[in-house]
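If you look up Swiss-Prot, you'll see 1-27 marked as signal peptide, on the strength of sequence analysis. The feature active site, charge relay system is assigned by Swiss-Prot to His117, Asp159, Ser235, with sequence analysis given as support.
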Amino acid sequence: MKKRFLSICTMTIAALATTTMVNTSYAKTDTESHNHSSLGTENKNVLDINSSSHNIKPSQNKSYPSVILPNNNRHQIFNTTQGHYDAVSFIYIPIDGGYMSGSGVVVGENEILTNKHVVNGAKGNPRNISVHPSAKNENDYPNGKFVGQEIIPYPGNSDLAILRVSPNEHNQHIGQVVKPATISSNTDTRINENITVTGYPGDKPLATMWESVGKVVYIGGEELRYDLSTVGGNSGSPVFNGKNQVIGIHYGGVDNKYNSSVYINDFVQQFLRNNIPDINIQ
């Protein structure tokens, strides 16, 4: 993980979306040292993908780009349909015989918040993206499947995108099947505040929901940093405050220092209001 760094900006960010290795000979070597169960039964190998707005650290020595910090308090969520967990979603994109996976959160009748670098894996075709809200594992999707319809990238540099999905086979909207998450106005968000990042890390069995617990260490502009640990596949995970409101969308981190999300400040909130008619910001 020490070479082939991109030079778009001065800070190196470890990408936290899981995707398929195109170089299969290299992929086989990487995958052998990791938990194969998180890749499903097809032995699909994974690597990070490039974000359109951040320096991404290419995965060289491990399949799942990760920023594991001293605070590695991660635990599995089994009651995925309960409370605010219901809106947390597993994102799946088939790519070149394999797949990419990430995370997101339902925030409107038809809308999911995630990262640009996650939806970019669909190569411009949102119908390649499947969303499974409150997924329990690769064989148990209690709230079914929704297919992407439209991608709306945030106009700024921040790694944020809205994914609009079509109704399911029963003509139900995703925001009818699960209760959309509440967005925090962030007027009270502070340093040292307790937070959680909840999503679908790639080092765990496929499509299992995990929560990481930590504290805010920095707030500035459209960036929120924290001291908790994350792994590839967590990209797009919602960052929840103590009221279970979304204060950010996780995208990456810096080795041995911190993890980061897009902070939902006033500019981001206006973007959400402009594109999600029923967005709930409190």
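One is the number of the first residue shown, and numbering goes on along the chain from there.
Glycine residues also receive a Cβ, built from the backbone N, Cα and C atoms like all the rest.
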For His117 (active site, charge relay system), just count the other CB atoms lying within 10 A of its CB, please.
28
Between His117 (active site, charge relay system) and Ser235 (active site, charge relay system), what C-alpha distance do you get in Å?
8
Nearest-integer angstrom distance between the alpha carbons (Cα) of Asp159 (active site, charge relay system) and Ser235 (active site, charge relay system):
10
Going by DSSP, give the three-state secondary structure for Asp159 (active site, charge relay system).
coil
Helix, strand or coil: which one is His117 (active site, charge relay system) in, per DSSP?
helix
Around Asp159 (active site, charge relay system), how many other C-beta atoms are within 10 angstroms of its C-beta?
31
Coarse DSSP state, helix versus strand versus coil, of Ser235 (active site, charge relay system):
coil
